[in-house]
Amino acid sequence: MWKASAGHAVSIAQDDAGADDWETDPDFVNDVSEKEQRWGAKTVQGSGHQEHINIHKLRENVFQEHQTLKEKELETGPKASHGYGGKFGVEQDRMDKSAVGHEYQSKLSKHCSQVDSVRGFGGKFGVQMDRVDQSAVGFEYQGKTEKHASQKDYSSGFGGKYGVQADRVDKSAVGFDYQGKTEKHESQRDYSKGFGGKYGIDKDKVDKSAVGFEYQGKTEKHESQKDYVKGFGGKFGVQTDRQDKCALGWDHQEKLQLHESQKDYKTGFGGKFGVQSERQDSAAVGFDYKEKLAKHESQQDYSKGFGGKYGVQKDRMDKNASTFEDVTQVSSAYQKTVPVEAVTSKTSNIRANFENLAKEKEQEDRRKAEAERAQRMAKERQEQEEARRKLEEQARAKTQTPPVSPAPQPTEERLPSSPVYEDAASFKAELSYRGPVSGTEPEPVYSMEAADYREASSQQGLAYATEAVYESAEAPGHYPAEDSTYDEYENDLGITAVALYDYQAAGDDEISFDPDDIITNIEMIDDGWWRGVCKGRYGLFPANYVELRQ
């Protein structure tokens with residue numbers, strides 16, 4: 001029971017101001033009998049005892065309440081009398097035309113044996129004349145056949161008796177009684193009727209321009225016979241109603257124009273004293289005109305303007321005008337061309353795919369460079385040893401056979417040795433000018449080679465052996481061949497290309513370049529990405545950003 005009341009705030013009104021509940025009121029009357037008091041048959045105010053339930057009264061109350069409830073439901077609820085039609089559920093004006101009730105009796109068609117065939121196509125025995133088919137005939141019908149040609153009455157036909165009716169005869173058809181009227185000969189014609197009158201002329205038919213011999217032409221009068229009273233106008237040669245407006249007589253007096261001092265300037269540009277306001281020029285102003293000066297910027301009301309208060313009206317603001325709140329980042333007009341490979345695949349993914357390949361390629365290039373360096377150094381040492389051995393053999397031969405003449409070697413003969421020095425100096429200058437072509441080629445080779453040259457020259461202590469040294473150096477042809485080897489090694493740039501667009505490296509294994517830069521030693525490792533050298537860096541770059549050189 002305590003669970004049912006859990007969560008509800010039960011408040012009991014307590015009357016603290018009253019007296020003790022156990023005290024009896026002074027005016028209390030105990031009108032409860034002993035039976036009622038024992039069985040609780042009467043309610044005592046404040047005692048907690050209630051009288052017993054009267055079943056008959058309760059049943060009557062329930063019945064009354066049920067009746068009132070049903071009446072309210074009938075009044076407020078939908079009424080069956082208002083609906084399809086009538087008092088008991090049917091309203092005739094709203095009933096469906098195709099809906100029928102239980103009282104509807106359908107008229108069934110009669111059987112063939114019950115049909116009254118007197119009414120039908122027409123008449124008493126199955127035929128009604130007003131409904132019979134016009135093309136249907138009965139047995140009493142007698143067809144009228146056409147008469148033979150020998151039985152036809154030709155007295156009524158083209159016209160009249162014996163085949164011709166005059167009212168229907170053709171106008172152009174003539175009979176044998178027709179008499180044609182022939183035209184008279186010229187000798188039989190009456191020429192008293194014709195052009196006019198009795199003797200060949202009808203006056204009403206005569207040509208107006210045709211005149212006879214009785215015609216008398218009226219000649220024009222001479223100037224001396226003319227009456228000049230009628231002419232330009234009036235009695236003596238002038239008729240005023242026919243006179244030219246521009247023609248003036250001797251009595252005309254020209255009205256001279258008034259002097260400026262005599263003119264009335266009250267009528268003019270407008271109004272009294274020279275100005276008429278309705279004719280005044282809109283751009284003409286008088287001395288009483290006061291020009292309204294524009295206010296200073298400090299006096300102008302900037303609450304009205306481009307829009308709203310403080311200079312901006314939103315409804316009048318230019319759509320293309322931006323305010324100070326609209327901050328746009330300044331960007332260059334140059335737009336980078338994004339290749340298809342860069343859109344479909346990112347550089348980070350390609351870096352992950354080709355990272356190991358790039359490392360292996362770099363290691364392979366490093367191994368190749370070291371192998372070439374070792375091979376070149378070994379070849380140089382071998383050549384130096386051969387040159388040193390030849391020098392020693394020549395020195396021994398010269399010591400064993402001294403020269404007969406004291407001056408077999410003049411100083412002039414040493415002059416050809418100078419081109420050798422010049423060639424060596426030019427060779428070193430050429431090497432220093434060319435410089436390293438790729439990042440993988442080592443530079444210490446040239447310094448070691450120079451040291452070898454210096455070591456070889458220091459070993460040549462004898463003055464007479466100088467020419468032999470240069471001759472032996474020129475004889476095997478080592479240095480020119482080595483020069484061509486360096487040219488081929490440094491000039492072998494591999495596949496080269498020219499940059500069409502600028503590209504910024506997105507990773508450590510990529511290279512950056514600007515338009516018209518040259519990329520050398522290109523390796524086409526993929527269709528979309530190549531690898532090469534540019535600006536001293538070796539790495540990946542997009543293939544569609546460059547153009548191969550022929």
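Any Cβ shown, glycine's included, is placed from N, Cα and C.
The model shown is predicted, which means the values in this text are computed figures rather than measured ones.
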Of the ranges 1-27, 460-486, 487-513, which one does Swiss-Prot flag as region 'Disordered'?
1-27
Quick one: sort out which of 78-131, 348-401 is the coiled coil according to Swiss-Prot.
348-401
Look up K35, K70, K266, K304 in Swiss-Prot and give me whichever carries the note N6-acetyllysine.
K304
Annotated N6-acetyllysine residue, as Swiss-Prot has it, among K230, K255, K309:
K309
For the candidates K72, K198, K263, I need the one that Swiss-Prot annotates as N6-acetyllysine.
K198
Which residue from S33, S261, S298, S457 is recorded in Swiss-Prot as phosphoserine?
S261
Going by what Swiss-Prot says, which of Y289, Y453, Y545 is noted as phosphotyrosine?
Y453
Using the alpha carbons only, what distance in Å do you get between S261 (phosphoserine) and K144 (SUMO2 cross-link) once rounded?
123
Rounded Cα separation (Å) that holds between K144 (SUMO2 cross-link) and K295 (SUMO2 cross-link):
119
Just to be sure I understand the packing, how many Cβ atoms besides its own are within 10 Å of the Cβ of K314 (N6-acetyllysine)?
8
How big is the Cα-to-Cα gap, in Å, between K181 (SUMO2 cross-link) and K314 (N6-acetyllysine)?
108
Cβ neighbour count within 10 Å of K181 (SUMO2 cross-link):
5
Where's the emptiest Cβ shell within 10 Å among the recorded sites K144, K295?
K144
